[in-house]
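Have a look at the structure below before the remarks.
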Amino acid sequence: RGGEAAALRWCISGALCAAFLGLGMSIAVLGPTFPNLAANVHKNVSDIYYIFVGRSLGYLGGSVLGGLLFDCMNARLLLALSMFGTTVGLYGIPWCKKSLLLTVLMSVVGASMGILDTGGNILALNTWGAEAGPHLQALHFSFALGAFVAPILAKMALGGSESKDLAVAEKTNQSVVRSVPTASAASALSALKYHLGADFLWSYVVIGTYLLFVSFFFFVLYSKGSSGRDKSKASLQKSVFAKYHYALILLLFMFFLCYVGAEVTYGSYIFTYAKVFAEMKENEAAALNSVFWGTFAACRAVAIFCAACLYPGTMIVLSLAGSAVSSSCLAAFARHPLSLWVGTAVYGASMATIFPSGIAWIEQYTVVQGKSASLFVIGAALGEMCIPAVVGYLQGRFHRVPVLMYAALGCSAMTVLLFPLMYKLARSPGESDLTEMSENEDRKALLSNSGLNEDEEDEEDAGEWNEADFEVIEMNDMLRNSVIETSRKIPGDSPAKVPLQPHGDDALSDSPGAAGGSPGRKNLSVDREKND
């Protein structure tokens, strides 16, 4: 049974990694296919920005809903349903011809991904408990890997035929223009554009099919029943809450808001910043952007093994130190090329492990329920929405100020200030700890008092036994002295030969001497009666 339980836990961890790989692909596929979606609904790119708002709102709503549902239903079943919902949305998005319907489907996909993001962390914590650190790092590395794979999948693997179709399209368009009237040429061109845009559909279909298989696997895991660890954790939830539980959750909410906002802001604006502010070439700016995300993903992979030998708090401290130093250098030497390359690489590496390490760290001090995990995801989503918008607005107003680097430095300073405060609150002894300490002190006091009483009783008993021994010794001495004196009065008998008890033949003798008794014998009997 122990081997089956261990195998089930590893299957759950593998399924979660597969699910987060699909989550990363689902989020990142929108970027390279955004122009195709705009053409599909007959809109310009700048006119359908609201689909991002719809997906973000759905993500927030899904996080809240998932936090409530995970506390009252099976986690594996809920994850399977959320991935199935994501699959339905991904299948429907490429076929949308109306912008409103596209926004609704984006909201559905966002809600499903919010449930998956919230529930995946909770299920990993409930499955592995104190050993969840490496598995959380593996989850978020899978997310980064999916975000890296999706653009390649959309543009290279599935959109490779676009250039060939474009060459064929030009020839076809020329022949159509030469042989048919203008109206027919326009209709042929629109049909050709639809054919070219249809290639991007398969990227959504492939990702949706992948998530469908993963959801079926979670349905299979759900049929296996819940693990014993989940039950034991549920039974211990009332006794392991930290003293400042809600304050810790709120501070970690703000911590993740600053961290994720800084991460997304830097990754989104570093390309434009390098071109406009640092005056780099386009290929150099693209390479700088790739350095950030490359070190980010690589360090998440390394963190899987580091989490097995380092405490989550240690990893957070190292990450915060790296982000503080690198952001300070980036803000101080905003235009220096070497500072940009080295600082970007160190900053990306430092930001990689903070989110999963933060979840693993808070689990050591208090219970992370569904509602708590949803607050973490909501904080991350709000940071992703608000901080990039504010930085973009300020950078547009102040062209000569490195707003991006100052924002990175400010967010690093906030996280550096928040973590020691959280650590102080987490280490404060709770009511149960204080009660246990007082009980231990009372127990020690009782034991010490009982030890003193036992020592006093032992001393009293020893004194009584000593007095009794002295009395016995005195009685034995008196008896011996009396016997010696009596034996001396009897002539011819030695003290050693004087019997202490009368012989039977003397007592039963019929002689007159025996009956009358001698004076010596009478004195001996008198002495015996006195001694008795």
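From the backbone N, Cα and C atoms, a Cβ is placed for every residue, glycine too.
Feature transmembrane segment, per TrEMBL, maps to range 100-126 of the set 100-126, 289-315. Scored on C-beta pairs under 8 angstroms, the neighbour of the transmembrane segment (201-223) with the top count among 138-158, 244-271, 373-391, 403-423 is 138-158. Panel annotation: around the transmembrane segment (100-126), residues 12-13, 16, 19-20, 23, 26-27, 37, 40-41, 48, 50-52, 54-67, 69-70, 75-76, 78-79, 82-83, 85-86, 88-90, 92-93, 132, 135-136, 139, 229-230, 233, 359-360, 363, 368-370, 373-374, 376-377, 381 of the same chain, lying at least six beyond its termini, place a Cβ under 8 Å from a Cβ of the stretch. Per-stretch counts of Cβ pairs under 8 Å to the transmembrane segment (373-391) identify 244-271 as the leading one among 77-94, 244-271, 403-423. Long-range contacts of the transmembrane segment (340-361) within its own chain (CB-CB distance under 8 A, at least 6 residues past either end) are made by residues 121, 125, 132-133, 136-137, 139-140, 144, 252, 255-256, 259-260, 262-263, 266, 270, 274, 278, 288, 291-300, 303, 306-307, 312-313, 315-316, 319-323, 325-327, 329-330, 333, 368, 373, 376, 380, 408, 415. With respect to Cβ pairs under 8 Å, the transmembrane segment (244-271) is most closely packed against 403-423, considering the stretches 7-28, 77-94, 138-158, 403-423.
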